[in-house]
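Working notes, beginning with the structure itself.
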Amino acid sequence: MERPPGLRPGAGGPWEMRERLGTGGFGNVSLYQHRELDLKIAIKSCRLELSSKNRERWCHEIQIMKKLDHANVVKACDVPEELNFLINDVPLLAMEYCSGGDLRKLLNKPENCCGLKESQILSLLSDIGSGIRYLHENKIIHRDLKPENIVLQDVGGKTIHKIIDLGYAKDVDQGSLCTSFVGTLQYLAPELFENKPYTATVDYWSFGTMVFECIAGYRPFLHHLQPFTWHEKIKKKDPKCIFACEEMTGEVRFSSHLPQPNSLCSLIVEPMESWLQLMLNWDPQQRGGPIDLTLKQPRCFALMDHILNLKIVHILNMTSAKIISFLLPCDESLHSLQSRIERETGINTGSQELLSETGISLDPRKPASQCVLDGVRGCDSYMVYLFDKSKTVYEGPFASRSLSDCVNYIVQDSKIQLPIIQLRKVWAEAVHYVSGLKEDYSRLFQGQRAAMLSLLRYNANLTKMKNTLISASQQLKAKLEFFRKSIQLDLERYSEQMTYGISSEKMLKAWKEMEEKAIHYSEVGVIGYLEDQIMSLHTEIMELQKSPYGRRQGDLMESLEQRAIDLYKQLKHRPPDHLYSDSTEMVKIIVHTVQSQDRVLKELFGHLSKLLGCKQKIIDLLPKVEVALSNIKEADNTVMFMQGKRQKEIWHLLKIACTQSSARSLVGSSLEGTVTPPVSAWLPPTLADREHPLTCVVTPQDGETLAQMIEENLNCLGHLSTIIREANEDQSSSLMSLDWSWLAE
């Protein structure tokens, strides 16, 4: 293993150097790992003999680093005891290790040749802007901000950017300032480059240059030229100019706008251009803008915060494959947003269905801010999908994204010879175009997936309702079976006693009507036809889930993207003597990718139409299931009501019978000298020997109650005796003379 100069073998103890992370003007940064604890730290060591002044500044850097504590500034830590020694008469600096590499490594990836994604740009703007603000508040000017001095660390799945190498060791005597920044002059503020006095605004220039490069893929001002050359051409630029390029004629073209292509959505471009105009102002006194008296900070920070606080909803219109973006006021309702969507797309608000990536429909009762996630920025990070509910067939595919002028130029004539330097720019845009086609498909596939998840939610709801329906149907069937058997038994028993006991035509008619209703309600519980339709839909959904078109089909496009990247890499590494080349191979890849996208989009929209058609069937079927369930519940309630009503009637009959039986017993016991014919004497001769059906009713035996009843009715005994005698004389008298009007209740 490689060791820092002066480190004796074994002197590091359990700490082992794993790799060299970087080399600066005066020092090396190496990764050390603890063999047992799996701890990792970055150690910065001096690799040169320093003058006393520079040695003092090195030590000063270490002291300052240990005082800093901010999430976006790399933290210093204690040097392990085993490594705590002097190298070249200066101490080591231990820092937290960031495993994501530096920003330069990210920018050098061929897929980022035309800039980073919007989410990455905004994340960098937030992190490094916060870090610079912290340093400036602590009276620290970095002076050497560049992609190599921005490291990335993954924290809970989120990339955090941190500033490293505060540059104190590079603050050498003013006479050799430029030479101390060898290799980093492209990001230096003009006043540093020209060896003039400077303020904190030098960091604004460097930061603006970095952000521009992250947006476009290259630096803002004549990026292919050395600073000594482009400074003379740029220093008289307009304050609003943020971009300069050299035309084929050699003329320099200035612009106050960001170049295309880039990944920023249209709503961010304008405020970002305004921010860059503040950061890239040549005049250090004007750079960053005036101090905001309310916020007590330069306008550039206020504008940066404004950009980062913008709530923008990105909506993919699945009917046109176009992305539309809206800036959301904090209190906007979803209905208001849908009205804006209607004006933009022509899709009526009532026909709009907005789905999240998980297939959940947006809640119309909640504000429009539900379309954006807290802390998530960029159209590449989160999308809402718009569907037209009035359509179930999405024709697709749609026209591919437009070619840039450069790419269109080589597509029209792939054999034209272009200078390698110019070709690099053209091929970079070609790679960006091919990657864009793949990303367009990926977004549409995600929209199809949201539609599938929505379908599965509808299907789950249908399944739940089906189970409820089947359960209710089975319960109704069981209750009807019980009701029919019980009413049949009641009718049979009623028929047996009506000739000598209690009878009522109204009650009999009511009971028979109940029996007929029960027969009718048995038809309500028949749901087989609905079960068949539901099972058919379940089968259809299962087939859609199994379909290969329900899975990602972009393998060929990814392969073509990689081929385009490989071609671009080869072009970048061509030796200088290869001055010209054609674009035949790159154009083949472009054409093949367009054809591949056309094919997979046809398959995607065909499958999507089936999903939406199936979902519409569920939507049409759900009301039928609800009606059937409502009818079953209504029938169930009616059956239970009829059963209860009949039971009340039976108990009312029993009450009457008990009352009559009690009355007879009381009269018989109080008229000891009176000849009272037995009950059998009241009945017709043919029935006199038969047992009365109500003789099983027990006469009340409570002594106190009977005594009270007798006392209360003494005055009525004479009248009752008369009635009984008349009954004995008139054998034809019966209980039919009683009032049965209660049956009509």
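Any Cβ shown, glycine's included, is placed from N, Cα and C.
Looking at the stretches 564-569, 600-605, 654-659, 738-743, the one that Swiss-Prot records under the feature region 'NEMO-binding' is 738-743.
When the ranges 147-168, 455-476, 499-520 are checked against Swiss-Prot, the one recorded as region 'Leucine-zipper' is 455-476. DSSP assignment over the region 'Leucine-zipper' (455-476) gives 22 helix, 0 strand, 0 coil. Long-range Cβ contacts of VAL29 (ATP binding site) within its own chain (separation 6+, distance under 8 Å): ARG20, LEU21, GLY22, THR23, ALA42, ILE43, LYS44, MET95.
When secondary structure is read from DSSP and collapsed to three states, ASP144 (active site, proton acceptor) falls in the coil class. The distance from the Cα of GLY27 (ATP binding site) to the Cα of ASP144 (active site, proton acceptor) comes to 15 Å.
Shown are the recorded positions LEU21, THR23, ASP144; the one with the most C-beta atoms within 10 angstroms of its own C-beta is ASP144.
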